[in-house]
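Working notes for the structure below.
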Amino acid sequence: MMFSELLQDVRFGARTLRKSPGFTTVALATLAVGIGANTAIFSFVHGVMLKPLPYADPERIVRVLEKPPGGERNGISTLNYLDWKNQNTVFEYMAAQTGGSVTLTGVDEPIQLRGLRVSADYFSIFGVSAALGRTFAAGEDQPGQDRVVVLSHAFWQAQFGGDQTLLGRTITLDGQSHTVIGILPESSAFDRGWPQIWRPLAFAPENHTRNFHWFGSMAKLKPGVTLQQARANLDAIAARIAQDFPDSNKGWGVTIDPIVETYVGKDLRHSIYLLFSAVGAVLLIGCANLANLMLVRGLARDREVALRAALGAGRWRLVRQFLTESILLAGAGGALGLGVGFATMVALKQVLPKYTLPPEANVTFDGGVLAFAVGLALATGIICGLIPALQATRTDLTTGLKQAGGGASASRVRHRMRTVLVVSEVALAFVLLTSAGLFLRSFAKLHEVDLGFDSKNVLTAQLPIPANRFETGDALNTYLRQIHDAVAALPGVEEVSFTSALPMRGWGYGMPFQRADRPLVDRANRNACFFKMVSPSYFEALGLKLRQGRTLNERDRKGTPPVTVITETMRRRYFGKEDPIGKRILIQEIAFGRTSLGSEIPWEVVGVVADEKVGSLSDKEGSPGVYVTLEQSATAYLSLVIRCAGDPALLHRPIRQAVNKINPDQSLPEMKTLEQIKTESLGGSRLSTILIGVFAGVALLLASIGIYGVISYSVAQRTREIGIRTALGADSGSILWLVLRHAMETVLLGMLIGTAGVFAVAQLMTTLLFGVGERDPLTLLGVGVILGSVALVACFLPARRAARLDPIVALREE
């Protein structure tokens, strides 16, 4: 019996919806957009933050780093790591990891491969086995035993066509033969990640130091060991090390973080939550609009409801009928929303900047996402339909049979309900528009940020040089001069330089330092600055402005007094009002070809240059840093910086040809202009701004439709009153003002509530904004003007219609 009645309700509801194609079309479009957008963003929430990590026992996997004095996290030194590994009682496995990009030769042209160097137990931590062959065995991370390599499945397919006979064969990496021992599984987190190749990390005896922090580590807790126990155990080991080696370790500790808390960055987490909140607000506005439409339909159906009640239908039966129609709508809208959501998810994955999502993320339309969409559609149907259903079924039987209006009392209740819904729409739209405005202003500020140099017509290229290729820095610099001269001779090249770290790509080397004219208080707790090794032409190639003294020049060579140029922030922070020129800074020598530090070098300050944006564009302060010449401190980790007379794209091929004439095995990966690097660094902010802007635009459209609908309904309900006012002498202007005043009071109330909402969500936006406060008055004012203007336009049409009413016609219609 119950099923038969339900089937009857469904059939009747479907017929009713078919009879109102305009209402049905608007409702379906609203629901499809709202449910689709929410489902798309939820697929990212689910794939990035809710799904279990695709590793064995991920809750036991932790990241282990050093904790510097006054800081949070730092790389690890070799001897400290070995002590942790050998003395701990809490880890089942522990492995070191560091970058290990290499050049593959012996193919058509040299290829720079993205890689990691890891300890033998690395893959055991994650429970990952090779699909073909094997991963590293014990002892293969020792010097002399480390010429083996594991490949990602994607790279194996792309470069070697999935050739299974590759196992056991050798490939040439950085000029040395390595045996391919394993291929990782297809479509694993490792396959989706950044590396293409893994090699063992072998600690050579000369790299056994405590003062050079150059790699990270991962570990797996033993079964039953808690995070607190692991921290206590490692803290005790770190305390013993600090006591035994105070010069290098005093004040240094250990930090252990669960991998589930580290693989998603705070900014990415905030961005996803913010977008999810935005699409949720859009759906709520859509629900409010749909509820308003259904209230109007309920008013038109008062006579029908009263007639069915008179024939014996109970209130629950009538409510169920209205809810059935609402859920039918939501179900159809949800089905359309799945299509919208899938298309949106695919589009977002395509436009996301590379490596925005962690490799562990698996964003798909799976069962969890489908369940969310179904649940959301059902909840939307109930939310949109319940209040209109309850209101429609409160119709007085006698009054309802006489007229389609439900009486004055019922009309007032519905009018208040519609007003509440519109106020809610305006408030949510105000929050979304303000968020979009803040992101837009923030993006504009980022785009206009002072880089400290002229980024126009500057081409960059990585210049990977195997660390073992040159035995001395002098041999390396001879090679660099050959490349410099070959590239500089090309038509269209104005300046050629080398640098150990490109602008906007991070510090490179971070080094502790001490002013030579100040007493050394605590060697292990010195201040740090970035340390760039550059060719003297670097400042001209970038257009870095000289503030004081001179820049580096060709006379600053090996055998001459060591000199440095410092940044303005370095001068301001550590020299104050003193003149830094002629002062000396003590920084330890970075041993060439080794991961260790040598004796301290007294670098004499000869100049001060403007702050260069070395890291994120959103860094609010400049970075303290020093520049030294490659002749006086050589390194093989370099990039080219080339200032061009015209379009840098025209020089890609000539530069490659010039370099390959000197060394056919020299690769030049990632040739990009500084403008491209800047654009890439803005990619995340640009995408967030566009998405929030789109959602805010949809919210504004829906809110304006809601305002128009409420005012139109209000005018229709007040037709008799307006006719009487006109008959008693009210002119069209006063009638227009009467309607507009009531409408704008509703809008202003929504904007006030929206302002409070902006303050409530401000904390979520704080870390994502640059150069503008989350409660920026200019943005709030601008959004108020925009929303108020749109609302005024939405109100004006029904208000003008009211002002033009013929009083005789109005009174006769009532």
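Placed from the backbone N, Cα and C atoms, the Cβ positions cover glycine too.
The annotation domain 'MacB-like periplasmic core' is assigned in TrEMBL to 24-236 (among others).
Looking at the domain 'ABC3 transporter permease C-terminal' (278-396) alone, the prediction's average pLDDT is 78. Taken from TrEMBL, the feature domain 'ABC3 transporter permease C-terminal' covers 278-396 (among others).
Taken from TrEMBL, the feature domain 'MacB-like periplasmic core' applies to 489-633 (among others).
Positions annotated as domain 'ABC3 transporter permease C-terminal' by TrEMBL: 694-807 (among others).
What TrEMBL lists as transmembrane segment is 21-45 (among others). Counting residues 6+ beyond its ends, the transmembrane segment (21-45) has Cβ neighbours under 8 Å at 272-273, 275-276, 279-280, 282-283, 285-287, 289-290, 293, 297, 329-330, 332-334, 336-345, 348, 357, 361, 363-365, 369, 372-373, 376-377, 380, 695, 698, 702 in the same chain.
Same-chain neighbours of the transmembrane segment (272-295): 23, 26-27, 30-31, 33-35, 37-38, 40-42, 44-45, 48-49, 322, 326, 329, 376, 380, 383-385, 387-389, 391-392, 414, 417-418, 421-422, 424-425, 428-429, 431-432, 435, 688, 691-692, 695-696, 698-699, 702-703, 705-706, 709-710, 761, 764-765, 768, counting only residues six or more beyond its ends whose CB sits under 8 Å from a CB of the stretch. Taken from TrEMBL, the feature transmembrane segment applies to 272-295 (among others).
When Cβ-Cβ distances below 8 Å are used as the criterion, the transmembrane segment (327-348) is approached by residues 10, 13-14, 17, 24, 27-28, 30-40, 43-44, 290, 363, 365, 369-370, 373-374, 376-378, 380-382, 384-385 of the same chain, each at least six residues removed from its ends. According to TrEMBL, the transmembrane segment annotation covers 327-348 (among others).
As annotated by TrEMBL, transmembrane segment applies to 368-390 (among others).
Same-chain residues lying 6+ beyond the ends of the transmembrane segment (420-440) with a Cβ under 8 Å from its Cβ atoms: 274, 278, 281-282, 284-285, 288-289, 291-292, 685, 688-689, 692-693, 695-697, 699-700, 702-703, 706-707, 710, 746-747, 749-751, 753-755, 757-758, 761, 765, 768-769, 772, 774, 776, 779-780, 782-784, 786-787, 791. Residues or ranges marked as transmembrane segment in TrEMBL: 420-440 (among others).
What TrEMBL records for 690-711 (among others) is transmembrane segment.
What TrEMBL records for 747-772 (among others) is transmembrane segment.
For 778-797 (among others), the entry in TrEMBL reads transmembrane segment.
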(message) Under 8 Å between C-beta atoms and at least six residues away from its ends: which parts of the chain pack against the transmembrane segment (368-390)?
(response) 31, 34-35, 38-39, 42-43, 46, 50-51, 283, 287, 290-291, 294-295, 297-298, 318-319, 322-323, 325-331, 333-334, 337-338, 341, 417
